[in-house]
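Below is one structure; the comments refer to it alone.
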């Protein structure tokens, strides 16, 4: 009789411990979603507001650099905006994971959607990274010169925007891993 009670007590301790760990994971996921949201929205805003004009010989002839001159940078802005919208829309569901313990189906849905958002965000960041690389280093074979020597402010802003986006990619990957851990702990 006493050994049966001890097993029940150990099992209930394990359930409470598992529930506490699951709640901690859910809180961490919620916070990571908020941080990733701020990274993606700030990257989108920073890139979308980036432009620089340089005078050339006279005040009437000017060189202008704008993010929407290059389709890869436009795609970067759209990808970051879409992912930031997704992250803000998933915050209520992430909050439900903190409050409720049995949320396996919604976690699976979030994993699938998070993977799609990682793909979108990583492709947008990678395409922008290629343009940033060309802006900084140029390419002698194709006669592309490094424009960052002239457009310093433009290049600094697009590089900063790119860093924020890659941080968000890492955060989304961490979210996927945490959701998978939370699901596996229930079984």
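Here the Cβ of each residue, glycine as well, is placed from N, Cα and C on the backbone.
The shown structure was predicted, so the numbers you read here are calculated from the model rather than taken from an experiment.
Range 30-50 is the one annotated as transmembrane segment, of 9-29, 30-50 (source: TrEMBL). Through the fold, the transmembrane segment (108-135) approaches residues 40, 47, 70, 72-73, 75-76, 78-80, 82-83, 86-87, 90, 93-94, 144, 146-148, 151, 154-155, 158-159, 161-162, 165-166, 168-169, 172-173, 175-176, 179-180, 183 of its own chain, all at least 6 residues removed from its boundaries and within a Cβ separation under 8 Å.
The DSSP breakdown of the domain 'Casparian strip membrane protein' (23-171), given as helix, strand and coil counts, is 118 helix, 17 strand, 14 coil.
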